[in-house]
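Before any comments, here is the structure.
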Amino acid sequence: MSKTRDGIGMSEEIIEVTTLRHTTSHVMAQAVKRLFKDTKLAIGPAIQDGFYYDFGLEQTLKPEDLVKIEKEMSRIVEEDLVISKRELTREEAIRLFEERGELYKVELAREIEDENLTIYEQGEFVDLCRGPHLASTGCLKAFKLLSIAGAYWRGDEKREMLQRVYGTAYDRDEDLDEHLKRLEEAEKRDHRRLGQELELFSIHEEIGPGLVVYHPNGAIVRTVIEDFLKAEHARRGYQLIISPHIMRRDVWKTSGHLDMNYPMYFFDIDGQGYGIKPMNCPAHIYIYKSRTRGHHELPIRFFELGTVYRHERSGVLHGLLRVRGFTQDDAHIFCSMEQAADEINDTLRFAFETQRMFGFTTFKIALSTRPEHSVGSDEDWATATHALKKALEDHGLEYTVDEGEGVFYGPKIDVKLRDAIGRYWQGPTVQFDFNLPGRFDMTYAGADNSAHVPIMIHRTVLGSLERYLGILIEQYAGAFPTWLAPVQVEIIPIADRHVDYARDVCRELEARGVRVKVNDESETTGAKIRKASRMKIPHMVIVGDHEIEEGNVSVRSYTGRDERGVDLEKFTSELIREISARAPREA
């Protein structure tokens, strides 16, 4: 079942909360200007789950300043200042903000193309703004300032560093309290902190921002995911390929990325221009073009775990979730239009089976349709869009239609995953491409012996493996399902005399393919158990005199199992079944 977004693309409820938060950002800015007289206003929009405002300030804001700002905001709310809108000519607006010393607002006013600009006023506070806003400051109910961060003016690293204050606002105290609880839970699950504590990955300024280094534990998790992807793609008729990380500049000229000023890295070798690939498509196309293709070969499905690099601004980098170098489970399907519907159906089945296996069961799905400016025939767009819609409906999936929001080269399905605390993350994508086959002169011999242009479908099941690992860490709060865990079993000998038996158990488990280690350090049993719990190891096997005498083990599991006298073969068989089933853990 589909739902179409029209107008400005937001429900009345979303518009209302956006207005509430936008007004709260203005009240915060007014409070900051009252408390810090040298404050220069930059921008302060409503964003998902809250708002922020960027300030030019000589004084560095500290966390304790947020309390002062909140108190001043409460006073402004009590004053119940009327919020009024006024229209000015561009020249009047520039003059007004020049007189007030608001250099950032002057810069914005000069760049806005409209002849008439709008300002909003509340008491002594004036801001350049399109609105809308609430009727008065007294309309605000529940708000909280959350954090302080740095932000470059206009997102440009060559411009001034400003101070950004984040906050959130709701219409009811209960809703605010609920949101703050979610934020507290999100902090516990923060993949950046857990990544360090669990020795999964790190990012080093010396190496470069947005470039991930996998530690042994993280490399194991990633390898398990990659091995699963390779096996599943092979089972579903994909051919694994590998392509270089750099390609000649001319390739990116042909693809169009050069002319689009795509955020990629270029350099010269022996006078020849090269680019580090931001995507894998061209190499897949050149493999297709390496020999003549016929209709009987289609569909052709190429799959690559391809590492790409894109220049993301340093201000938007965020752990594994936003990086400059990442690996995608990138596949391209080359087929006829008649085959496209079946390929889309198979792709969606693959994608959703995989997501559910990883523990995701709730999704937001959007179908983006033809924009005003596009390439490709009306017939191809209509057929492709229908194929995407029908596949979604055949799978019983609810989705929204974003009319006119597709990219210029083809319609697209975007899937977002809902995690354990209600947040949504980018997941699988399925994208038709009516652009690259023509740009690279791709053809195949049809049944009529004439040349035809293949349909090209881009698709990912997980997307960026870095981002997906970050999502999984937060989904499971670092306690991976057993099949994914870096160490699946830790064996804890109670005393030194139990170490040999622990190693015998270890060898038996290793022989069955279990990732297992023995903690034979000189620590108390309690300390060893606490350490294994902190490392979120799914199963602990504890051995002492009783276990040696009976030839069995005691088992403590992360899920709460605590059992003595367990037959080792029984435990091993249960463990192998659990791993083989790839069962998701309760998040």
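Cβ from N, Cα, C; glycine included.
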Candidates HIS233, HIS318, HIS332, HIS498, the one TrEMBL lists with CYS281, HIS458 as binding Zn(2+): HIS332
Largest tally of Cβ atoms lying within 10 Å of a Cβ, found at which of the binding-site residues HIS332, HIS458: HIS332
Conformational class of CYS281 (Zn(2+) binding site) under the three-state DSSP mapping: helix
CB within-chain contacts under 8 A for CYS281 (Zn(2+) binding site), separation at least 6: SER255, HIS332, ASP433, LEU436, HIS458
